[in-house]
C-alpha cells in the first residue's frame, strides 16, 4: 500500500462491529435495546440521587456523576454506530473523528477518577466515621470532580494532538468509532511516541486511580481484620460490593484494550471488548447500584409511589 500523507486523509471509514451484512439488523436491534436501557437506567439513577432527600450525601453525588458519565460515554459512540450499521455510507470526517477520540478518552478516563473518589469516600466512612462529615463534603466532591475533569481533558487533548500528526497509510478503521488503538494501527510507521505515552503518562492518568482504589480497599480490609467482627465484615461488603463490581467491569476492559503494545492488538476481538465497555457496562452499572443498594432501592420505591399518586390524582376529585 502506498504511503499517504496525513493531510490527504480527510475522512475515515468505520468498518463497524461486524462485516457480515446478515448480522447488521441483529446487531442494530440488540445494541439499540442495550443503549436505551443504559440511557433510561442512568437517567433514572441521576434523578433519584439528585432529588431524593435521603440521598443528599457526597456518596450519592458521586454516584449521580458516574451515571452522567455513563450516559455521556455511550452517547459518544453508540448512536453513530447504529446509523452506520444500517447505512451504506460509513464515513466520518477527520475532524469529527479527532473530536470523538478526544471526548471518548476524556470521559472514559473520568470514570476511573470518579470510582477512585468513591473508594476514598468508602474508606473514610468505614475507617474514620467520626471525621467523615469533616473530611467528605459536597464541596470536596465538587472540587475533586472539577480537578479530575481538568486532568483527563488535558490528557485526552495531548493524545488527540499526537494522533493528528500521524502519517496514515489508509482510512479504513477496523472499529465502530474512532479509538486510539485502531488509529495507531493505521499509522505508516510504528508510533513510538504514542506508545510510550500510553505506558507512561497514560498509566499515570488512567491506571493510577485503580491503584488508589486498591490502596483504599486494602486499608479497609486491614481495619475490618482488626475488629475481628463478622457483622463489620458483612456491613463493609454490603457497602462496597457494588462499587467493587463496577471497578472490576471497568478496569478489566481497560487492561485488555489499552495496556499492551500495538503489535499484540487483535482488532477483531477489540471491537467485541469495546462494545462491552461502551454500552454493556453503562447498562449494568445502574442495575448493580439499584439492586445491591438498599438506600437506592428505597429511593426508587418512594419515587414510584410519588409517580403513582400523581398519575392517579384527578384535579376535580376533591370537588366531589
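Just so you know, glycine gets a Cβ as well, placed from its N, Cα and C.
Heads up, TrEMBL stuff is auto-annotated, nobody curated it.
What TrEMBL annotates here:
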type: TRANSMEM; residues: 26-48; note: transmembrane segment
type: DOMAIN; residues: 41-289; note: domain 'G-protein coupled receptors family 1 profile'
type: TRANSMEM; residues: 60-78; note: transmembrane segment
type: TRANSMEM; residues: 98-120; note: transmembrane segment
type: TRANSMEM; residues: 140-162; note: transmembrane segment
type: TRANSMEM; residues: 196-215; note: transmembrane segment
type: TRANSMEM; residues: 236-254; note: transmembrane segment
type: TRANSMEM; residues: 274-292; note: transmembrane segment
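Looking just at the domain 'G-protein coupled receptors family 1 profile' (41-289), the mean pLDDT is 86. When Cβ-Cβ distances below 8 Å are used as the criterion, the transmembrane segment (196-215) is approached by residues 109, 112-113, 115-116, 119-120, 151-152, 155, 158-159, 162, 180, 247, 251, 254, 258-259 of the same chain, each at least six residues removed from its ends. Of the recorded ranges 26-48, 98-120, 140-162, 236-254, 274-292, the transmembrane segment (60-78) has the largest number of C-beta contacts under 8 angstroms with 98-120.
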